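Following: one structure in structure tokens, then a few remarks.
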């Protein structure tokens, strides 16, 4: 029976993935841009990626779309210019960013900075465009996408020469702290030091949790599966955490992240120690709940693949705990997880965490491959 369930799960995931690739289409969204309606502009078919905009039967401007990688995945921005090469406005038309960050950009009037700028501006953060505090990554991604769109109009309509923008590394203390925490986690497990594990979990709680809000989540793995890899120049800490976690599992067979880094696990352990209560769950119930993460991962991946949005079904309350910003069901899951941690050891980690479930699956596949290689060597 288990074999058939696994086959059904894999086939359904494949169907969902193909459906998302084939049927996801955002082209119709251009016709309903607020900026076009506000300026009473009509969109005509594109020539080399640039749309001509008409008003009262005459060409009144141009529109192009640019893409960039945000924190949640690729985003797309539309730029509208007049016939003199000046930007009328910009609008975000596709985004997988956290909704609260997108709302913050609009509330802080971030997009108004682009009005009346020349198409051949550099659009550099801090120099030409000011980032919104708390949404720096999204601000940078939109600036890059706006540059991409603006330069298309500049090149193809006005034959302008545009500045060559070289990618630069965005290095901050954050990257150094993340690297240090990964190294300490490795050493703690290698030397089997419980004290060092607890110390590093505390560091993870403070830095990766509350200060950076950079916990691994289902969104990270959804991005990998969809091929939405962030730019390493501006998301180095993302690459460090994901690559180190997966590499250590493949090479060493150890789940370093859950054991010695995860800030949410640290919060669960802290609450359990504070309460001093340790209720032993009924074995049959615990055994049944142990399958819950696999089901939730499957359901979440189905939604992620169909929508092509890695942030859509991320139900973990990690970001909500550390930034006090959540969506939908997270408002119910967080208090449940925190209350459960008071009475049961690692309550959320054992019975609901998708990250732990995914990493356990990777370890199991790694061990299977290792055993297969060893058998082949024995028969050789």
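Every residue gets a Cβ built from N, Cα and C, even glycine.
Feature list (source: TrEMBL):
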- 70-153: domain 'FMN-binding' (DOMAIN)
- 7-24: transmembrane segment (TRANSMEM)
- 176-191: transmembrane segment (TRANSMEM)
- 198-218: transmembrane segment (TRANSMEM)
- 238-264: transmembrane segment (TRANSMEM)
- 285-309: transmembrane segment (TRANSMEM)
- 329-353: transmembrane segment (TRANSMEM)
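In the predicted model, the domain 'FMN-binding' (70-153) shows an average pLDDT of 92. Between the transmembrane segment (285-309) and the transmembrane segment (329-353), the number of CB pairs under 8 angstroms, six or more residues apart, is three or more, so the stretches are in contact. Ranked by the number of CB pairs under 8 Å to the transmembrane segment (198-218), the listed stretches 176-191, 238-264, 329-353 are led by 238-264. Distant neighbours of the transmembrane segment (238-264): 175, 178-179, 181-182, 184-186, 188-189, 196-197, 200-201, 204-206, 208-210, 214-216, 220, 224, 230, 232, 316-318, 321-322, 348-349, 353, 355-356, 359-360, 362-363, 366-367, 370; these residues of the same chain sit at least 6 beyond its ends, with a Cβ under 8 Å from one of its Cβ atoms.
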